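This report concerns only the one structure given below.
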Amino acid sequence: MRWSSLSSIRSWKKKKKKKQQQLQLPSVAASGNHNKLSSSCLFTSATASVSDCRKTNHNEGYRDNIKFHKRQCSMGLFPDWTSLSKLMMNYSKIGCTGYGFGVLGLTLKWGYAPNVIGLSSLMDALCKQFRIDEAASLFHKMRADLGVKPDIITYGILIKGLCSTCNSRIALNLHEQIVDGTCVFGAGLQLDLVCYNSVIDGLCKDGLIDEAIKLFQEMKSKSIIPDVVTYNIVIDGLCKACKWDSAKAVFYDMLNQSVAPSVVTFNLLINALGKMRKSKEAKELVSLMIQRGVTPNVVIYSSLMDCFYREGNFEELKEVFVSMERKGVKAEVVSYNILIKAYCNQGLIDEARKEYQRMIQKGVKPNIITINALLRGMLLKGMVSEATRLKEEIKVHNLTPDMCTYSILVYGLCKNGYIKEALKLFDAISVTKWKPDIQTYSCLIDGLIKNGKLDRALELFDRLSSDGLMADIVTYSILIDGFIKNGKLDKALELFDRLSSEGLMANIMTYNILIDGLCKNGKVDKALKLFDRLCCKGLMANIVTYNILIDGVIKRRKLDKALELFDRLCGEGLMANVVTYNILIDGLLKNGKLDKALELFHRLSRGGLMANIKTYNILIDGLLKNGKLDKALELFDRLSSEGLMANIVTYNILIDGLSKAGRLEKALLLFDRMSSNGVVPNITTNTIVINALCKAGNISDAEKLFDYMEKNGTPPDLHTFSALMHGFCQSNDTTKVVQLLHVMADRGMKLDEVIIDMVTTQLLKQEKFEEYLNLMPTFAQRNTDWKFVTGGRKPWD
């Protein structure tokens, strides 16, 4: 008995010298002499351990066959070549390639010829373990050394293995040689649908979409009819290559060829439409799907929800979710995640939490994406304590925080001013399996800067290299912005100049930050030079860049340059937005160019843009300052028909303008109407009205409004006190002037030069000068020593 048990294989293997050879993937097209394949070299080339077999807990049918062979051996029965071939296939099928090669070694040792089925199975196992070098080597040696001719299944296995290991070009080369009849081992073979699908799939996954399409056309020319799998592969490849029109054409071809699209087909197309934010077409596709008798599943509904989510169409998203449940399709965690993210984006955190509770009640376990979405939503709304409690639920659901979780928490804590907590959490990450990445560092650096801790942010920046990280352009942009906002423009410019030496290229965001900083610091000429530099670097200025520059040059009274920039952006194919128009209209009005401003306003609407309330506020203010009261009122009356609602700024501008134009009655009518229109008067509104009443000599009503402000929880500011005091001075009521000054002193307010001059003039007019002087309160200001201010003079001196 030569083979009494499997233990004989193990003992035989131990006697062989164990040496794992590093095999290079040979050219599958190559021909010529190959080294003679011996049983021992085949056996020792196997790298799979004995434990491979023990790990597998499936394919019980193959295991039963192996046990049967064991029993035969224990009974002294000698296996023939067919039994050995089946045994080799069984070991291969359960992934035990080591044993498979062992059986091959015994087959050769005992003088049997292995067959194509067993060898193909062994090659398939090697491919599935991504040992493509060994699979290709075995393929060559099948005919050269073992005398076994590979069949179409063998070729299909190798092609699939090559494609699954990103070697689709080699697979294509092999395919072409079989088709041309130049392959040494492939003479007379006819590649089938499976082989074509494998190569097309590999090419698509490797981004070689043009080659994949050529192969798709080739198979059709050879009368190999593509099936639903083929079409799905091609559609998926085209969608991922952003070739939507081509993908749509393939889909129509599929319908014309009477190949029924599957759920997978529709899902691929809906996903692609979602990424392009074409929800209308996605919805139509679902309708077509239902018409063709294909029932949408939860994946389809989730893809459609994601499409509406990307588009920001919250109502339609909710409708899809409700419709899905109404049709008896059970929502999965992905569906709930999209819905929860949508609620959070809308700021509807309570609704998001309700959906979170509902999914748990329905037996759908949340994943870390669910928790991350809720955490982000809560922290953006300032709900830090709620987010902290939610963080504890990660353990309850047996989830593991990922780097995204930590980044969200660090960013959220910084945004809400919890810098110490953010730093503590940041340090705690190091004891987890995660290491802070550059995005997390950037979040913390940004948070520290925004909370006035620039020095601490710089310390963290300097720590990057010791943690094995390199700052990216986002990190540098954050620091440049931080320097600018902390009044360190020179440092920002110095850091910007360092970028190239760090191997980084400034992006448009970096340039925008620096150009904005230069403009706000009055260095418009330098900003324009930087603008020219970014164009020379091959970067495209965006509308934000132009808006910053136009605003900057207008503030430096360079209106012609602003209009030149406006013409340039239009010439470069950029679309001016409402912000651009607002900046220009405001600049034109402030420079007395009313007609040009109105022309630009009309151009805005003709260009398909909608003027916003800020546009109307700018224009109404400009018209009032140019004495065009009726035109301003006409614009105000147009707001509702344009779907806009006047805000507090609108009312303040108009009330002030009407008052200054002597239309106090109309101004007061508008003031009374505000609250009924849902706009609550603020301190500025009340100050404007008090000032108007005082100038009209209606001091009593001005006082009443002042007292109402106090009682209504809207405490008057310095400007309000100044307006009322001006009224008292105007009516020569020095007693009330002194009383008002005492109120101001009690509140710790500081007087400005206007009030000091006003009071000084009023005191000097009074016969009871010294009496009033003795009644004056003391302010914590050097320039409010009234005896010093008045020079101790009496009005008759």
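Note: Cβ is positioned from N, Cα and C throughout, glycine not excepted.
Pulled from TrEMBL:
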type: COMPBIAS; residues: 1-10; note: compositional bias 'Polar residues'
type: COMPBIAS; residues: 11-20; note: compositional bias 'Basic residues'
type: REGION; residues: 1-26; note: region 'Disordered'
type: REPEAT; residues: 192-226; note: repeat 'PPR'
type: REPEAT; residues: 262-296; note: repeat 'PPR'
type: REPEAT; residues: 332-366; note: repeat 'PPR'
type: REPEAT; residues: 402-436; note: repeat 'PPR'
type: REPEAT; residues: 437-471; note: repeat 'PPR'
type: REPEAT; residues: 472-506; note: repeat 'PPR'
type: REPEAT; residues: 507-541; note: repeat 'PPR'
type: REPEAT; residues: 542-576; note: repeat 'PPR'
type: REPEAT; residues: 577-611; note: repeat 'PPR'
type: REPEAT; residues: 612-646; note: repeat 'PPR'
type: REPEAT; residues: 647-681; note: repeat 'PPR'
type: REPEAT; residues: 682-716; note: repeat 'PPR'
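Counting only same-chain residues 6+ beyond the ends of the repeat 'PPR' (612-646), those with a CB under 8 A from a CB of the stretch are 578, 581-582, 585-586, 589-590, 592, 594, 597-598, 601, 604, 653-654, 656-658, 660-661, 663, 677-679. Taking Cβ pairs closer than 8 Å, the repeat 'PPR' (192-226) reaches residues 152, 155-156, 159-160, 162-164, 166-169, 171-172, 175, 179, 233-234, 236-238, 240-241, 243, 246, 257, 259 in its own chain, all 6 or more past its ends. Looking just at the repeat 'PPR' (542-576), the mean pLDDT is 92. Long-range contacts of the repeat 'PPR' (647-681) within the same chain: residues 613-614, 616-617, 620-621, 624-625, 627, 629, 632-633, 636, 639, 688-689, 691-693, 695-696, 714, each at least 6 residues beyond the stretch ends and with a Cβ under 8 Å from a Cβ of the stretch.
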